[in-house]
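So that you can see what the record holds, here are the features copied from TrEMBL:
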- B:31-51: transmembrane segment (TRANSMEM)
- B:63-79: transmembrane segment (TRANSMEM)
- B:91-109: transmembrane segment (TRANSMEM)
- B:154-170: transmembrane segment (TRANSMEM)
- B:179-207: transmembrane segment (TRANSMEM)
- B:286-307: transmembrane segment (TRANSMEM)
- B:319-346: transmembrane segment (TRANSMEM)
- B:352-373: transmembrane segment (TRANSMEM)
Amino acid sequence: MSEKRTLKNLDLEYRLFKERIFVAFAIVILLVMVLVSRMVYLQVYQYDVYSTKSDKNRMHVRAIPPTRGLIFDGKGRVLAENLPSYNLMFVREQAKDIQGVLNTLSEVLELSETQQKEIAEQTYSQRRPFHSALLLSQLTEEQIAKISVNRYRLPGVEIEAQLIRHYPYGPMTAHVLGYVSRISELDLKKVDRSQYAGTYYIGKSGIERQYEETLHGKVGVQTVETNARGRVLSILDETLPEPGKSLKLHLDADLQYAAMRALSGFRGSIVAIEPKTGGILAIASTPSFDPNLFVSGIDGKTYKELITSRDLPMFNRSIRGNYPPASTIKAFMAIAGLEEGIVTQDFTIEDPGWFQLPNDDRYYRNWKRIGHGTVDLRKAIVVSNDTYFYNLAYNLGIDRIYPFMQRFGFGLNTALDIPQASPGLMPSRDWKRTKRKSPWFPGETLSVGIGQGYWQATPLQIATSMAVLANRGKWVQPRLVKSIDSKDVAADNKESPKDIVLSDERYWDIAIEAMVDVVHSGTGTARRIGKRVDYTIAGKTGTAQVKSIKQDEVYDESKLAERHRDHAMFAGFAPAHDPKIALAVIVENAGSGSTTAAPIAQMVFDAYLKKERGLRLTDSAGGGKQ
Amino acid sequence: MSTRDFLHRLPGAANAFQRPAGWLERIHIDFWMLMILFVLISCGLFVLYSASGESLHDVERQGMRFLVALAGMFIIAQIEPRHLQRWTPVFYLAGAVLLLAVLLFGVGAKGAQRWIQIPGIGFRFQPSEIMKLAMPMMVAWFLANRPLPPGWKHLLISAVIIGIPVLMIARQPDLGTSLLVAAAAVFVVLLAGLSWKLIGGFIVLGISALPALWYVMHDYQRQRVLTFLNPEIDPLGSGWNIIQSKTAIGSGGVYGKGWLQGTQSQLEFLPERHTDFIIAVLAEEFGLVGIGLILLAYLAIIGRGLFIALNAQDTYGRLVAGSITLTFFVYVFVNIGMVSGLLPVVGVPLPLVSYGGTSIVTLMAGFGILMSIHTHRSLVRK
């Protein structure tokens, strides 16, 4: 080694090395400054950007859906409840192969083709990222087990417990309560979207829709911290949801059952009202449907059957069905005649079986072709004489009939909380001119006089008019809801018609006593039911023409197609001198009011007034002619 | 009378020999270096506790590794530099043979053979780690007795000494380590006084060779480069790491979110948080202040290392001390640069802080050599 050392200049080498070390240290300092500037850039200048990014990473806002309010009948029986249900949820962002997961699901659960289409549709529907879609609801124990076992093949799939609406009375209360169903995009446009985050159902019809806001409650919000895999680790902030308010209805489940059962096998409607409060005790429409089908998601075939059925099971006849009120309004015509001084209690006509207008050879026929002989006001109501009322209507004229009948609620929707109820049609000279573009003909007044012609009314309207009559002119608006969270709802609103005050109080007695005789006298059209009850009923039968009978033609039920047969009607209240229930019964294409509708009305009266009802709410009512 | 005796009799010699008589120096430990190492390692363990998801087990294991590595450092520090120098070629050759063995019978994971498994006992190690030290030592050994700055002939021989192991490591493949090993050796050449002209020439050559490098790279390496250039290409795949680590660093702000409070790290958004990306945890939880302090500690180690190099008594010691120190800095820079998105993602752990075994031992052995060089000085230059 020593011979090489002689070639080395140690001082020079050391100076060189020293220089290099200093240069190296300078570079080190420079590079450290680079790192520091990078960190300053990220942590100071870009702090806001990354801080937001980091929060977005970890924090997710979740909605806590409120519990939907319950619906009770007047006696506190549950009509709509919330039952626990297990839903199949899917977060598509957590699955790498979305279609693969769907295929696995279909295979594991042995889904039908329509179900497969449905879950695919739900999966690909527009949603915020990482928000789960509801694929299937009301999983069975078996399905839950199958999913759990195959969990490892189903990334992003979760089973979520949720409360689901259930209607224990099923079809019996379907029309009045309506139902909830999956929220659609269209529904969301009508409501405050944020309130429905986390809610999958919304009221689609009936009370469920009408009281949606009340029943829904207020959504709660939870800010949660999640890890990189989306698992919730902690709750950072929470506003609890405000549960929906409960509704108590005037409805009496027993009576509703009785009404549905009385109507079973028919297409028709019954509306029963408590005259004192206007509370609707029963509101039945047949045929009906099972609202629970809509909650869980009705399959296409069943739905199509429901909406295309000629019997219109989805149609709420009670509030939407427009029928000619027919003879059920004769008492009101009588009161109008008395009040306007057209007739008196003792005024009589001789009935040849028809009425003719001056200078017109057309015959307006009585339902009994041979006529009723000498007819006074009482007899006209009791035997439902048409000729008397043709004459009365002719003398009153449409311009006096129209406003008077409006005072009983015809042509108006007087209901306090049923905005979707039809106002029916109370024809007037103005209406004819503007809507039909033709003048009013005198003959049309005669048809209106017996509740036919253009006059259309809903069962709810007829029942309401009976309640007003039972109250001797004092108005109570019909209503469904008695109290919200035990707080009574407001009394009548400003749209309530004014109480009817007659110039002579006795006019009420004349009309009501005549209606009592309809049921309880030997000549009354509803005399058959009068013998079977131990209380007094004030009532009026009606037979509404569906197809107009040509001149000189005789109505023959057997000759007419079933759909063209008359509607049978009955309207009245009981007990006559202490009214507790007013009702209207309409049975479509069932012939005369006295043979079909009156016995049905009696069943409802009995159910309400006879304490020993002996009715059990076991078998499902109202399937009817579906 | 030996030279030593002679010197002891010189006037004022007593004082001259009093200075290094501290007990630490007598057991060949450099006090300042040891202090800074302790500070850095303790800070690292604190961060590791957080980064490992509050796993005391991991911290204990890492602590044990440090104890073993410190013992290794202590032992190496006892070896006189001249003995180190004498055994350098043997050390180098052994490393080269082991590298060859890795290529032939190595075990590994993810398509790379980097480990040697010693049968019977469950011990395995990476021969490339040996080369991290053996390589600069070998080049220093070669150049120390040659006239400096090195001439063409010696440079060529140095290139061969460097090239063979580097290529073997690159074949494993482990591009990161091979570049770091090469860097360590190149530092020796640079410190030996390679002329600036040549340095400039090599840099130009290197840059122009970059495109060629693209073709010899593996797919995953190309992917890393692409991801580095634009992490948003694949934010949930290869870009995820860098996006999440930048988010962690940036959201730490100036003062950080607090120890154990870093949401990016604690909620597992940050990948490899206790190994390669641990600095992001520190940045998130301790902010710019924490980063500044840790960089200061690293700077202190490097300063001390370069001070030792300057005070080394012979060329070999100088070159080795300088190279080890600068290589240490390269680790720090590459790791922090990579985690903060300045450099592509290469698997380089943060020295003394990242969780992991082999590299700690190598690092501490390096510091052992530094201490040996510093504490075995005599007043007379050899």
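Along the chain as shown, residues are numbered 1 onward.
From the backbone N, Cα and C atoms, a Cβ is placed for every residue, glycine too.
Keep in mind that TrEMBL annotations are predicted by a computer and have not been checked by a curator.
Most Cβ pairs under 8 Å with the transmembrane segment (B:179-207) belong to B:319-346, among the candidate stretches B:63-79, B:91-109, B:154-170, B:319-346. Of the recorded ranges B:31-51, B:63-79, B:91-109, B:286-307, B:319-346, the transmembrane segment (B:352-373) has the largest number of C-beta contacts under 8 angstroms with B:63-79. Same-chain residues lying 6 or more positions outside the transmembrane segment (B:91-109) and placing a CB less than 8 Å from one of its CB atoms are 115-117, 124, 126-128, 130-131, 133-135, 137-138, 141, 161, 164-165, 168-169, 171-172. Beyond the ends of the transmembrane segment (B:319-346), by six or more residues, the same chain brings 84, 132-133, 136-137, 139-140, 143-144, 175-176, 180, 183-185, 187-188, 191-192, 224-225, 227-228, 231, 241-242, 245-246, 249, 276-277, 279-280, 283, 295, 298, 301-302, 305-306, 308-309, 312, 354, 363, 366-367, 369-370, 373-374 to within a C-beta distance below 8 angstroms of the stretch.
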